[in-house]
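Chemist: Have a look at the structure that comes next, please.
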Amino acid sequence: MAKSKFERTKPHVNIGTIGHVDHGKTSLTAAITKYFGEFKAYDQIDAAPEERARGITISTAHVEYETDQRHYAHVDCPGHADYVKNMITGAAQMDGAILVVSAADGPMPQTREHILLARQVGVPAIVVFLNKVDQVDDAELLELVELEVRELLSKYDFPGDDIPIVKGSALAALEDSDKSIGEDAVRLLMSEVDRYIPTPERPVDQSFLMPIEDVFSISGRGTVVTGRVERGVVKVGEEIEIVGIRPTSKTTVTGVEMFRKLLDQGQAGDNIGALLRGIDREGIERGQVLAKPGSVTPHTKFKAEAYILTKDEGGRHTPFFTNYRPQFYFRTTDVTGIVTLPEGTEMVMPGDNVAMDVSLIVPIAMEEKLRFAIREGGRTVGAGIVSKIIE
């Protein structure tokens, strides 16, 4: 059978289900595919394949579906640890999330943890599905649970009062038992997701940034840096900044090459070589970035949310303490940094996720939501995301 062409007519949005174990995330995912995509049964989604991201193995199920307005790629994880890893590594980028809460239980510990993680890793918007409403006969009790969920969201700086909450039953939708809380609820949920979760800005429309992977000197032409354009567009003749590791400097791009062909521009996703005016081979290195002037700044101190690998995942065998000094791998290079743990946290065990402060020995072009790996001598021992820049 011929592979069907991916039609890029609708805006594309990445989304995922989050929430406490057994509250119905996977059943809801199955129910959405039933009405908006190729139906995937619970067992097909639950048997999530393993994948590797930043040296960490994560089980994630990917499904796709579409509404009249948009095309969605949806991730669902079988285990709680997979969620933590997924959100911190950005293995599955989320432009928005559907928080599933069982009406019978109300918010539970992982409900809280997933909301906090969504806040820390910068998930822009959440829509709530209050599941299993058929198990609650008391309307006042339902209202109480809804109130609790709104308060919890507000506590973590989401607009709890405005977030859409749809009540229903994923099981009813899968079994066609009660249309009002089944199919109707799932359709209402997706119209709220269409309305409330913003369409992300396409990478090509953002400010130009390219991490430098390699530097060459071409006799008679000057210095060429290669890398994959992360976002935006760079045109021949444009002025750009070289940011990170050393003091920021400006130069002009005098040529762009791709597959040995000359282009007039390079854009997000392209692997290019950029010829730079008046830059010495020694004056630029891997780990710096080329960027639109003023769009990104170098920093050494930041707050991070990190996941530390277990021994079985190839991580450390022992805990670490404040003043731990691993390498932080940003984009294309390792930089040594010193870790300060939050007050009340004596040590971090393998398998923990932790908030920590980091101070790098040289500055890196950095912004909030930037991901990194934590390494010891080239071996990945953790993954993290910049939650706040300090200086």
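Note: Cβ is positioned from N, Cα and C throughout, glycine not excepted.
So Swiss-Prot lists the following for this protein:
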- 10-201: domain 'tr-type G' (DOMAIN)
- 19-26: region 'G1' (REGION)
- 19-26, 76-80, 131-134: GTP binding site (BINDING)
- THR26: Mg(2+) binding site (BINDING)
- 55-59: region 'G2' (REGION)
- 76-79: region 'G3' (REGION)
- 131-134: region 'G4' (REGION)
Chemist: If you count the C-beta atoms lying within 10 Å of each candidate's C-beta, which of the binding-site residues GLY19, LYS25, THR26, VAL133 ends up with the smallest number?
Modeler: VAL133
Chemist: How many other Cβ atoms sit within 10 Å of the Cβ of CYS77 (GTP binding site)?
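Modeler: The answer is 24 other Cβ atoms.
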Chemist: When a 10 Å sphere is centred on the Cβ of ASP22 (GTP binding site), how many other Cβ atoms does it contain?
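Modeler: That number is 13.
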Chemist: Just to be sure I understand, if DSSP states are collapsed into helix, strand and coil, how many residues of the region 'G4' (131-134) fall in each?
Modeler: 2 helix, 1 strand, 1 coil
Chemist: Would you list the DSSP helix, strand and coil counts for the residues of the region 'G3' (76-79)?
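Modeler: For that range the per-state counts are 0 helix, 1 strand, 3 coil.
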Chemist: Given a separation of at least six residues and a C-beta threshold under 8 Å, show me what packs close to HIS80 (GTP binding site) in the same chain.
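Modeler: VAL21, GLN110, GLU113 - these are the non-local Cβ neighbours of HIS80 (GTP binding site), listed in sequence order.
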Chemist: How many of the residues that make up the region 'G1' (19-26) does DSSP mark as helix, as strand and as coil?
Modeler: 2 helix, 1 strand, 5 coil
